[in-house]
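Student: Got a structure for you, questions after.
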Amino acid sequence: MKLQFTKMHGAGNDFIVLDGIHQKLDLTDAQWRALANRHFGIGADQILIVEKSSRDDVDFRYRIVNADGGEVEHCGNGARCFVRFVTDRGMTDKQSVRVEVMNGVITLKLQDDGQVTVDMGEPELTPARVPFIADGLPTRAEAQDTLYGLEVNGRTEWISPVSMGNPHAVQIVDDVEQFPVLQDGPVIEHHKSFPNRVNAGFMQIVDRNTVRLRVFERGAGETLACGTGACAAVVAGIRRGLLDSPVKVHTHGGDLTIAWQGAGQPVQMTGPATTVFEGTIDLSTLPA
């Protein structure tokens, strides 16, 4: 079986994009993992699938498969690549596209300068809906936010749980480049307080409109950028009274701009979406 694919990235967060409307996609978990493998497959942080939606008020369905073969709820950088893909392929001529994801509907808009703005929806801040189990954990209040203390590698680290359609734990650090992200990230990802695991975000505040961010993504490890992670980090920073909208988020892969006007309002994310190359791969050549 041969698959046509497009390799894309959003601020260095890289994806395999597959048209699931004009070709059949019936892959096993092992085949998804093999596609994402950087040594034996194409290589990517995640695989994005374009499908038809069953809803009349939605243009497409958007599915995301992690490098570990598991399907996840949302990916903001991937959403920007998604709308660039369907536009460049002539699958839509709309400037604003509504897309169905696992937990709802998002709106994607192409800007005149080539950037893409994604309406990411409202953040979910109720712990049980992240989901996050807070029972027995120490807490402390900062402005409008409640922080929870997690035991991580012998230290208590204070995190803000936020869902952007997928779960995030946001931690503020003094120097994100010196912080042990690769050591603490896996511990937080698999912490028992997050029943579905979690994306661990480490944010350094530069000023009230600028941050530096690293994210250890659930099922993918540290990536060059994480769109939902950038949104969750800015929401946490604003709720803690440390940031003002809009916020420029510097990641290792590039910059994102995040805007949020507070409770009851959606988060807006703007950033790049770039096509790297296209090709065809024979699944029979991949390791089982």
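Placed from the backbone N, Cα and C atoms, the Cβ positions cover glycine too.
Under the heading active site, proton donor, Swiss-Prot lists C75, citing sequence analysis as support. The active site, proton acceptor annotation in Swiss-Prot covers C226 and rests on sequence analysis. Per Swiss-Prot, the feature substrate binding site maps to N13, Q46, N66, G76, N77, N166, N199, E217, R218, G227, T228; the stated evidence is sequence analysis.
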Student: According to DSSP, folded down to helix, strand and coil, what is N13 (substrate binding site)?
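Tutor: It is in a strand.
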Student: What is the interatomic distance between the Cα atoms of T228 (substrate binding site) and C75 (active site, proton donor), given in whole Å?
Tutor: 6
Student: Is it possible to get the count of other C-beta atoms within 10 angstroms of the C-beta of T228 (substrate binding site)?
Tutor: 31
Student: So around the substrate site, N13, Q46, N66, G76, N77, N166, N199, E217, R218, G227, T228 aside, which residues have their CB within 8 A of the centroid of those CB atoms?
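Tutor: Close Cβ neighbours, site residues excluded: D45, I64, V72, H74, C75, G78, V215, A220, T223, C226, G229.
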Student: Determine the most Cβ-crowded residue among the active-site residues C75, C226, using a 10 Å radius around each Cβ and all protein chains in the structure.
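Tutor: The largest 10 Å Cβ neighbour count belongs to C226.
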Student: If you measure every Cα to Cα pair among N13, Q46, N66, G76, N77, N166, N199, E217, R218, G227, T228, the residues listed for substrate, what is the largest value in Å?
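Tutor: Site span for substrate, by Cα atoms: 17 Å.
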Student: Rounded to the nearest Å, what's the C-alpha distance separating N77 (substrate binding site) and C226 (active site, proton acceptor)? Just drop the number here, would you?
Tutor: 6
Student: Across all chains shown, how many C-beta atoms besides its own are within 10 angstroms of the C-beta of N77 (substrate binding site)?
Tutor: 36
Student: Give the three-state DSSP assignment (helix, strand or coil) for R218 (substrate binding site).
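Tutor: Coil, per DSSP.
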Student: N13, N66, N199: which of these binding-site residues has the highest Cβ count within 10 Å of its own Cβ?
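Tutor: Its Cβ has the most other Cβ atoms within 10 Å: N13.
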